[in-house]
Amino acid sequence: MKRTPHLLAIQSHVVFGHAGNSAAVFPMQRIGVNVWPLNTVQFSNHTQYGQWAGEVLAPAQIPALVEGISNIGELGHCDAVLSGYLGSAEQGRAILAGVERIKAVNPKALYLCDPVMGHAEKGCIVPQEVSEFLLDDAVAQADILCPNQLELDSFCGRRAQSLEDCVRMARGLLERGPQVVLVKHLAYPGRCEDMFEMLLVTRDHSWHLRRPLLAFPRQPVGVGDLTSGLFLARVLLGDSWVQAFEYTAAAVHEVLLETQACASYELQLVRAQDRIAYPRVRFEAQRLAF
């Protein structure tokens, strides 16, 4: 019997709706990965509602919880760590300490960093110290880096001017440590405005993918968290980088189709769960010559 992968997901959690672990955990479980959720915050709802209640986990609790898993002899079974939104650089350093602890007992474990800073419409949404931590520390430790366009631009200190420029910038990030860069949402000048574009860059090749851009009165939150989680899960299940890339684009599109059909602000993960497991659509990644 094939072993089921185990993944430690360190990010935010909301009681109502879907963001952070609340957007990623169930879909990863649905496709066959055991997820260990470590919630860095517990809020009533995501912050785009404008008001929320809840509290942030003390940074010292992160390595303490990782050590607790070690104490029962299970830490070596962890195949990957996923991190998302950070409330502080101290929290980020605590996560990297946990990653280091896991890699000490399982050197094959992967670390996916979703370097949440913001997006093109809203700009940067994290403190400067978090941006600096992601640039100076997290990139070097990540095996997989999943920025959006704003985050790619922030890492490289300039705005991308074309698709080829995005590839060059991603390759520059690979020189700092990661094995692969997945740009979850491209927003370079001159792109096709009615398509949602993504980019996958490894040390050897690059791939570009387009899917239809769906319109919403209010853009659902948690799409990036869902994307990062599904990509990592499929890699753990044995997909190649490109297979995981194509699957993720299709599965996320299925969730958005269901969300749009329900006229919902929150991602319709439960209603779309069978389509997450078995997407009906397929988007083929095009290998780039540059």
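Note that Cβ sites are derived from N, Cα and C of the backbone, with glycine treated the same way.
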Binding-site annotation, Swiss-Prot, ATP: partner of Glu151, Lys184, Arg211, Pro212, Leu213, Leu214 in Asp114, Asp239, Asp274: Asp114
Other CB atoms, at most 10 A from the CB of Pro212 (ATP binding site): 13
Distant-in-sequence Cβ neighbours of Gln48 (substrate binding site), under 8 Å, six or more positions away: Val221
Secondary structure at Pro212 (ATP binding site), reduced by DSSP to three states: strand
Entry from the binding-site residues list Lys184, Arg211 having the most other CB atoms no farther than 10 A: Lys184
